[in-house]
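What follows is one structure encoded as structure tokens, with my remarks underneath.
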Amino acid sequence: MSETTNTNEEKKKLPLNGRRAVPSNNSNDEENEVPEMEAFGLIPRGFNPKDYLRVVDIQMFKEPHEINKQQHHTDKYYSPKLIVRRGQPFQIQIDFNRPYRPETDQFWLEYLIGRYPQQNKGTYIPILVGNVLKPGEWGAKITHKESNSIRLSIMSSATCIVGKFRLYVAVWTPFGILRTHRNSATDTYILFNPWCQQDAVYLDDEKEREEYVLNDVGIVFHGNINDIKLRSWSYGQFEENILDACLFLMDKAELELSGRGNPIKICRVASAVINSRDDNGVIAGSWDNMYTYGVAPSAWTGSVDILLEYYSSKQPVRYGQCWVFAGVFNTFLRCLGIPARLITNYSSAHDNNANLQLDFFLNDEGKVDTQLTKDSVWNYHCWNEAWMTRPDLPVGFGGWQVVDGTPQETSDGMYRCGPASVQAIKHGHVCFQFDAPFVYAEVNSDIVYSRREKNGTQVIEKIDTSHVGQLIVTKEVGGDGMMEITEEYKFQEGSEEERLALETAVMYGVKKQTIQDTTYQPQTDVDMEFQVQKAVLGSDFKVTITFRNRSRNHYTATTYLSGNIVFYTGVTKNEFKKHSFSAKLEPSSSSAFDIVIKSSEYLSDLLDQASFHFFVTARINETGKILATQKATVLEIPILRIKTQGETVAGREMSVTVEFTNPLKQALENVTLRLEGPGVLRTMKKEFKQIPMNSTLIWEVKCIPKRPGLRKLIASLNCDALRHVYGDLNVQIQKP
């Protein structure tokens, strides 16, 4: 019988290639078979394993209220298994068939991960019982003996692989080694440990650890620089099956198990696997306002649905845009124990040829030539920062690292970005891996407006050095407010240090074209400013162009306003407003001109984020010089109101209502509502065929909250005519 099973086993094995003795070990899910009796040779007939020390039971102390999960800050994970953090001791108890006698009995523990465990790869870890635990190294010692049981304190290495390990207890007998059965109840997840000084992700501030590792909700800042909007996002890193889904992402990316203790490697492969380009990753991006056969990016309220759908279907989930990629990436990092935060960069440059300048080409009339203009300024762009040491770089470049899962440009042949040291970007040291020049350009590019003369020469009309990367923000620690971190990325605009950082970046190979002074002589005695009135979606609003003529001359300015509906990436969909007029500019005075934008002009073409982009160009007829400016603006979108009725107690039913009033001068068709709240309720969805104009929708949901404490409910409303409608509510869930 044993013969046949062997040959079947042989067939199942993967073909070996000539380069490796053992196939690559890159799946946490696969296992090898471990012999329960490993004989040293011939076994005498009288041998009875029952005569020797035998393991009856292993207790893992894995309940949320027990010592391990409490001490390791893993009590929030919705998982029955033991979850601990590396480099910190945890307790287990072994019950034997008789009292343990250290003089004659010998046993040890074995932790295994993957299908081809090897000691030198850190995938097979035998642990002998000793007298002392060395900090940050594998070891075990007995802390307590009582009748047939012993209590062990086990220390894991502060650099060990992060993932799910299998545990065996091995007992030595003169004739062979006896092992416990494979028992999945003793599986142990080992995570990164920001509380441990020897861990590469150690973070020394408890408030920051609570925010960047343990907070399962966050805020996404969007809109644009003149009109910052915010919405809540549920990270849900502790929800059921999310930890397994995150480990699966590393399997999907085929990251060798031995590399999974290194946060740099994990971030790099994750930034590629979060998007579906080139590796069938988690989320398919779509920026074209067509979301058939998928969920519109604006409809998601959190990461849990996306990760669980991917984990079960193994197919990219449709659809995402930058904040969705960043939200899911943040869940992945926090779930594994890497401190992480979601960042928004307002007026983010997407520089296609990485020359630190965005080229906007104007035609004769001063309109932007969309054929020639390839670069774009995103109203905002979200990425992540992950906290870790960088032993691969010189001292001083550890700390926050930029990682970006949105597919913008390829890096080493794949759509991925980072980790790039924020400190290196600030000082212009962009030679250090990975992708620092691209991020440097996102926050530092200049916008150059140039116009082609009739004879073919390019004339530079204007250089705007301060438009890009004006404001970089993240959620504050311990609250929902905004924290500005622009100065982490760049020095004060126009300061000596800023020039120096730029020269350093150029020295390290960031291309920057020099502009001869001869071609660029702007009109200096006239200023043009442009204001947009705050407006609610569905109403008319006005824009104002103001000229200040500081000279003693009479000027006339031929002025052209172009209003465009744009994607938040700054790419134009269409021009909905053209308006030309001639402005008389009296000497030493200011003059203002108002233009009204009617809702009927923009409503039919509006995109997801209700964003507009205005270009204003004016030619001073007397000098032939051009003034140019641009401004993005976002309409105010109505919000959802969330309320709770009655008591809110863990384990008892509570009632939540979501209300919304349709502000448009039209009925909304095929409306989808979503509601979720980590620890309170799983995502609920409801479809409404129609909401007539000015009418109010009310949706009531019953749920049973699982955990006491301050929780957050997050809702979104979505339909073709109206997207990015959100609401949230903080709820204090009482202890029963």
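Even glycines carry a Cβ here, placed using N, Cα and C.
Predicted automatically and left uncurated, TrEMBL annotations should be read as such.
What TrEMBL records for C322, H381, D404 is active site. What TrEMBL lists as Ca(2+) binding site is N444, D446, E493, E498. The feature domain 'Transglutaminase-like' is assigned by TrEMBL to 314-407. Summarising the annotation, TrEMBL assigns region 'Disordered' to 1-34.
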For the Ca(2+) site (N444, D446, E493, E498), what does the 8 A shell look like? I mean other same-chain residues with CB within 8 A of the CB centroid. T465, S466, V468, G469, K490, G494, L502
Across the domain 'Transglutaminase-like' (314-407) the predicted model averages a pLDDT of 90
So if I draw a 10 Å sphere around the Cβ of N444 (Ca(2+) binding site), how many other Cβ atoms end up inside it? 24
Determine how many residues of the domain 'Transglutaminase-like' (314-407) DSSP places in helix, in strand and in coil. 15 helix, 41 strand, 38 coil
Listing them in sequence order, which of the recorded positions C322, N444, D446, E493, E498 have their Cα within 10 Å of that of H381 (active site)? C322
Might you list, by sequence position, any residue in that chain lying six or more from C322 (active site) with a Cβ less than 8 Å away from its Cβ? W378, Y380, H381, C382, W383, T406
Taking the recorded positions one at a time (D404, E493, E498), which has its Cβ surrounded by the most other Cβ atoms within 10 Å? D404
Alpha-carbon spacing, E493 (Ca(2+) binding site) to D404 (active site), which is rounded to whole Å: 25
Mind giving me a neighbour count for D446 (Ca(2+) binding site)? Other Cβ atoms within 10 Å of its Cβ, every protein chain shown. 20
Measuring Cα to Cα, tell me the gap between E498 (Ca(2+) binding site) and D404 (active site) in whole angstrom. 24
